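> Structure provided below as structure tokens; questions to follow.
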């Protein structure tokens, strides 16, 4: 019987993975561990592997997989910056991802957390906790219909996000290296700088690559409309985090919502309540009253989880049976 290892299993995924295995007559083994130099030897007798990595995969893993006859790694996220695609190709390993598993879920998160900032929820909560129930200018907001929203990256998720904002009556502008001119609700701009210069809300939906690395840094923040809010539900590396904190502290941004953080791998998805966090930048984010931090959960809905579980397993099985899959990256 074909055997697939399901690394990075969370409690809510296990039954889904095992049901898929039973339905497809595949022996699926679940493990809470991630694929690494320490766990790769577990794959000696397996035909395929799916995992959900967040940190960089060590280069030593690729030749090990090749030596065991494994031809693929099925990543259960849209992001794939944790893999060296050329090194994987050298060792005849196909890397796949899941480019679309519930774009509406991430779009809904992006809009809802932006609304928390626009409606001054962090300030309101602080005042209520202090038993200050007065109405005052620090908690006065503006309706979204009077705002301009910049969507940076107009793929499936960015497009879904922009459509929601258009439903509020907002003016929606966008930037993408490959514009989708069928998006009638959105006005494209030639550059990121041009897209954000008049935006009250900036929503990031770009992949992590050499062109987007620290795209939003001090130089980019110089182009931001004073008092704008920024939401990053894309990849952490898109933002230079110290520069973001500075932009919030000096009033360039009135607030930010961060669902992905460039150094998140050691913390996000783990319970760190009984340990010391040795990351002063992450602590600065968490402690900042005008920054909302969530642990990479924009995608987290029942629909998305099922699509990720089944998508990863389907991709692994496809490579095992046919030598390729529809979502291969190299």
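A Cβ is built for glycine as well, from the same backbone N, Cα and C atoms used for every other residue.
As listed in Swiss-Prot for this protein:
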- 235: active site (ACT_SITE)
- 264: active site (ACT_SITE)
- 296: active site, proton donor (ACT_SITE)
- 156, 157, 176, 206, 207, 233, 234, 235, 259: NAD(+) binding site (BINDING)
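Tell me what's around each of these sites.
Around the Cβ of residue 235 (active site), the same chain contributes 79, 81, 206, 207, 208, 212, 260, each under 8 angstroms and 6 or more positions distant in sequence.
When other Cβ atoms within 10 Å of the Cβ of residue 264 (active site) are tallied across all protein chains shown, the result is 21. In the three-state DSSP assignment, the secondary structure recorded for residue 264 (active site) is helix.
With a 10 A radius on its CB, residue 296 (active site, proton donor) counts 21 other CB atoms from all the protein chains. Look at residue 296 (active site, proton donor): DSSP puts it in coil.
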> So of 176, 259, which of the binding-site residues has the fewest other Cβ atoms within 10 Å around its own Cβ?
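176, out of the binding-site residues 176, 259, has the fewest neighbouring Cβ atoms within 10 Å.
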> Counting every protein chain present, what is the number of Cβ atoms, excluding its own, within 10 Å of the Cβ of residue 234 (NAD(+) binding site)?
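The answer is 27.
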> Given that the record lists 156, 157, 176, 206, 207, 233, 234, 235, 259 as binding NAD(+), what is the largest C-alpha to C-alpha distance among them, in Å?
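Farthest-apart Cα atoms in 156, 157, 176, 206, 207, 233, 234, 235, 259 are separated by 21 Å.
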> How many Å lie between the Cα of residue 296 (active site, proton donor) and the Cα of residue 156 (NAD(+) binding site)?
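Residue 156 (NAD(+) binding site) has its Cα 18 Å from the Cα of residue 296 (active site, proton donor).
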